[in-house]
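Novice: For G82, 85-86, T90, 92-95, 110-118, T122, the entry in Swiss-Prot reads 5-phospho-alpha-D-ribose 1-diphosphate binding site, with the evidence type sequence analysis. The annotation anthranilate 1 binding site is assigned in Swiss-Prot to G82, N113 on the grounds of sequence analysis. For S94, E227, the entry in Swiss-Prot reads Mg(2+) 1 binding site. The annotation anthranilate 2 binding site is assigned in Swiss-Prot to R168. As annotated by Swiss-Prot, Mg(2+) 2 binding site applies to D226, E227.
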Amino acid sequence: MSDAFKPLLAKLADGQTLDEDDAEQFFAACLRGEPTPAQVAAAVTAMRLRGETVGEITACARAMRRAAIHLDHPYEVIDVCGTGGDGLHTLNISTAVGFVAAGGGLKVAKHGNRAITSKSGTADVLAALGVNIDASLAQQRHALDTAGICFLFAQAHHGAMKHVSPIRQQLGFRTIFNLLGPLTNPAGAKRQVVGVSAHRFVEPVAKALGALGAERAWSVHGAGMDELTTTGETEVAEWRDGSLRLFTITPEAVGLPRAALADITGGDPAYNAAALTALLDGQKGAYRDIVMLNAAAAFLVADRVETLREGVELAGAVLDDGRAKAALAGLVAATNSETVPAQVTPA
């Protein structure tokens, strides 16, 4: 069976790109464990050295979406997440943003995983906060219904990735796999804010989101960070209504002070959970500012506000009046509930 992939590998070795059909079929085969580990490693390394195309990223994400376990729901959900891999070890920003967004009235399907290169991934800090990260589909839906936010544990929804996970770990460098998490939300989010770890991915990821059916999405990179940042300038590629727009954002433009990276540097899950709890309890400072900026982007992408500055103001209000804290409490309760309403059924 593995001989069937040799022509495709030869094409990649010659520096050629794969069309979407070939890329999707190959990646689907990877998710079934058909190519050998050496063949998978060769393919993704060749793409990395040449530079992954929008078509290849889109096709691989499409194959991964098809293999996923999906969460059924009636809502227009939003996801805020990053590719990871920026190496800055910040506090959990997009996780905190999820609670602010939910507190502000959005339905948030937060897709995430345990830490790979950081000290504390979304799953790690949520577990430290008391969330059942292994919640069933019914519990996830119950959380979305009642708290406005659910957590979709990537390793549970994308079980087919078990075939390539050891290869990723053995390679030890970024490949196309690192881009796919934010592009494969199991709840089918069509509104997204996606942070990327390097400038070169800003535009391709936005285009891939558009090709995958996003209605409105931002792909962002902020001064080395896979978030909108208050430490400098953020590059944004916005996909909206079938077209792409590129622009930059500074914290000063939306009324926020500039911060030093040291002010938002995190630690282990317990440390980051304590910081997130303090944030939801009303603590002011650089962590609050960067969370408000990213939450503002979520509100804007979801058409909840008309300007980013208005989004910052809404985020501050949600933190101050306890709505964000209530969203966390609701997520903890729903994911640990042993009795889920009968009308909530898995997809």
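Using N, Cα and C of the backbone, Cβ positions are placed for all residues, glycine too.
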Novice: Would you count the other CB atoms within 10 A of the CB of N113 (anthranilate 1 binding site), including those on all shown protein chains?
Specialist: 21
Novice: If you count other C-beta atoms within 10 angstroms, which of the binding-site residues T90, S94 is the most crowded?
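Specialist: Answer returned by the neighbour count: S94.
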Novice: Rounded to a whole number, how many Å is the Cα of R114 (5-phospho-alpha-D-ribose 1-diphosphate binding site) away from the Cα of D226 (Mg(2+) 2 binding site)?
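Specialist: Pair distance, Cα basis, whole Å: 16 Å.
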Novice: Looking at the binding-site residues R168, D226, E227, which ones sit with their CA no more than 10 Å from the CA of G82 (5-phospho-alpha-D-ribose 1-diphosphate binding site)?
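Specialist: Cα filter at 10 Å returns D226, E227.
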Novice: In Å, rounded, how far does the Cα of R168 (anthranilate 2 binding site) sit from the Cα of H111 (5-phospho-alpha-D-ribose 1-diphosphate binding site)?
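Specialist: Cα of R168 (anthranilate 2 binding site) to Cα of H111 (5-phospho-alpha-D-ribose 1-diphosphate binding site) measures 19 Å after rounding.
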Novice: Quick one: Cα separation, T90 (5-phospho-alpha-D-ribose 1-diphosphate binding site) versus N113 (anthranilate 1 binding site), in Å?
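Specialist: One finds 16 Å between the Cα atoms of these residues.
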Novice: Got a sec? Which of these binding-site residues, D226, E227, has the most Cβ atoms within 10 Å?
Specialist: E227
Novice: In sequence order, which residues at least six apart in the same chain have a CB under 8 Å from the CB of H111 (5-phospho-alpha-D-ribose 1-diphosphate binding site)?
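Specialist: In sequence order, the residues whose Cβ lies under 8 Å from that of H111 (5-phospho-alpha-D-ribose 1-diphosphate binding site) (at least 6 apart) are D79, C81, L152, A154, H157, G181, P182, T184, N185, P186, A187, A189.
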Novice: How many whole Å apart are the CA atoms of N113 (anthranilate 1 binding site) and S94 (5-phospho-alpha-D-ribose 1-diphosphate binding site)?
Specialist: 12
Novice: If you measure D226 (Mg(2+) 2 binding site) to S94 (5-phospho-alpha-D-ribose 1-diphosphate binding site) at Cα, how many Å is it?
Specialist: 10
Novice: Calculate the distance in Å between the alpha carbons (Cα) of E227 (Mg(2+) 1 binding site) and S94 (5-phospho-alpha-D-ribose 1-diphosphate binding site), and round it to a whole number.
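Specialist: About 8 Å separates the two Cα atoms.
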Novice: If you run the three-state DSSP split on G82 (5-phospho-alpha-D-ribose 1-diphosphate binding site), which class comes out?
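Specialist: In three-state terms, G82 (5-phospho-alpha-D-ribose 1-diphosphate binding site) counts as strand.
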Novice: Tell me, how many other CB atoms lie within 10 A of the CB of G82 (5-phospho-alpha-D-ribose 1-diphosphate binding site), whichever protein chain they belong to?
Specialist: 24
